């Protein structure tokens with residue numbers, strides 16, 4: 001009964017915090033009432049969604065190699081004979097009908113949207129799989145992962161909205177490439193990129209209180225790790241739990257390097273960059289790892305002086321590694337491999353994410369008082385202080401006694417609270433507000 005009561009209280013807190021003010025007052029729509037369809041905005045000429053390069057982890061992912069009729073991978077391409085789609089097929093070989101299953105699924109969904117948007121008009125494909133080398137090197141057309149589309153009436157005034165419909169249909173990258181067509185592409189079948197989530201690799205290291213470092217995979221409730229408050233002051237914060245943890249999974253990580261430091265994190269995870277104001281001072285801005293570019297300034301930590309320094313990014317690369325861990329601290333930040341990062345992913349507003357997790361932090365604090373556990377530190381660890389350096393701050397309601405609401409031993413996978421927030425986010429937020437790789441999936 002107590003567990004059920006706690007769950008209901010948490011759910012109430014979540015709804016209170018994540019519901020925009022416009023939905024929290026006034027007549028609004030009641031529970032169970034029909035949702036009003038959201039207004040769709042046409043793409044502008046040369047606009048692409050998401051706003052990253054096509055072959056990056058945040059969009060359709062890496063080029064994996066040209067597929068020919070003699071390739072082993074050719075059998076993975078499937079013909080699309082949907083009668084609601086017109087295929088130009090100027091080569092008269094049927095090549096434009098061949099595509100990956102993911103591309104086919106998105107195209108079929110788009111065909112329905114087109115007929116609903118413009119009765120009597122069909123979706124038209126001008127380019128699909130390319131076996132003749134008509135596109136640029138490493139084009140996804142060579143893998144059957146890209147299509148160029150128009151409407152059957154070739155009314156160019158419709159193409160901006162056609163692009164928007166393609167985004168809504170689930171294409172991983174949509175580009176209003178030419179006034180003559182819209183370009184769309186998808187991730188590779190069963191690609192690692194499609195399941196990246198928001199984490200750090202198992203071997204990433206954090207700095208613990210009283211000196212020394214620890215692999216992120218070895219963190220336990222009661223540990224205090226180097227973190228930062230909202231003003232950029234370094235301090236040691238309570239480790240609460242893992243938002244996500246998978247020991248043996250292989251994932252692609254962005255490797256962001258400065259002249260002396262290197263941090264690895266998945267595409268949808270947030271990193272802090274320095275943003276210069278008009279008066280010359282710098283402020284923190286949270287940015288998806290997939291959007292970090294050479295020349296950006298990120299923050300590195302000096303544990304001896306307990307200060308942060310803005311340092312230029314020299315190189316951004318991709319690397320596959322084993323294990324995926326997303327630690328949550330009381331302050332919502334963590335210094336990983338001596339680089340300051342957010343504990344959050346999916347949405348590019350660190351402050352919103354930290355607020356959304358407030359009910360969980362409160363519930364964990366309450367749980368520590370109701371079910372106190374032995375305060376002695378685990379074997380091999382030095383004792384921790386009873387309070388944080390900034391214990392007067394609201395975010396420090398938690399103490400080193402904290403435990404997960406479910407269990408001291410957290411199961412692998414994404415925490416139920418994170419899954420719940422993600423689901424609520426998909427209901428309340430525009431699809432462009434969430435990173436396309438923000439929540440790991442079990443299928444691509």
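For all residues, glycine too, the Cβ spot is worked out from N, Cα and C.
For residue 90 (Ca(2+) 1 binding site), the same-chain residues that are 6 or more apart in sequence and have a Cβ closer than 8 Å to its Cβ are 96. In the three-state DSSP classification, residue 90 (Ca(2+) 1 binding site) falls within coil. Swiss-Prot lists 90, 91, 96, 126, 127 with the feature Ca(2+) 1 binding site.
Among the features that Swiss-Prot reports, Ca(2+) 2 binding site is placed at 91, 127, 130, 132, with the record citing similarity to another entry. In sequence order, 91, 95 are the residues near residue 132 (Ca(2+) 2 binding site), counting only same-chain partners six or more apart with C-beta under 8 A. Following the DSSP three-state reduction, the secondary structure of residue 132 (Ca(2+) 2 binding site) is coil.
Taken from Swiss-Prot, the feature Zn(2+) binding site applies to 141, 148, 183, supported by similarity to another entry. Secondary structure at residue 141 (Zn(2+) binding site), as computed by DSSP, is helix.
Residues or ranges marked as cholesterol glycine ester in Swiss-Prot (evidence: similarity to another entry): 198. The number of other CB atoms found within 10 A of the CB of residue 198 (cholesterol glycine ester), across every protein chain shown, is 28.
Per-residue confidence over the repeat '2' (394-401) averages 35 (mean pLDDT, predicted model). What Swiss-Prot lists as repeat '2' is 394-401.
Under the heading repeat '3', Swiss-Prot lists 403-409.
Residues or ranges marked as site 'Involved in cholesterol transfer' in Swiss-Prot (evidence: similarity to another entry): 244. Reduced to three states, the DSSP call for residue 244 (site 'Involved in cholesterol transfer') is strand.
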Residue pair residue 126 (Ca(2+) 1 binding site), residue 148 (Zn(2+) binding site) - Cα distance, angstrom, rounded: 6
Distant-in-sequence Cβ neighbours of residue 141 (Zn(2+) binding site), under 8 Å, six or more positions away: 127, 128, 129, 130, 134, 135
For residue 148 (Zn(2+) binding site): DSSP state (helix, strand, coil): strand
Ca(2+) 2 site shell beyond 91, 127, 130, 132, criterion: Cβ within 8 Å of Cβ centroid: 90, 95, 96, 128, 129, 131, 134, 135, 141
Recorded positions near residue 244 (site 'Involved in cholesterol transfer') (Cα-Cα within 10 Å), from 148, 183, 198: 198
Residue 126 (Ca(2+) 1 binding site): tally of other CB atoms within 10 A of its CB: 18
Residue 198 (cholesterol glycine ester) and residue 148 (Zn(2+) binding site), distance between Cα atoms, whole Å: 31
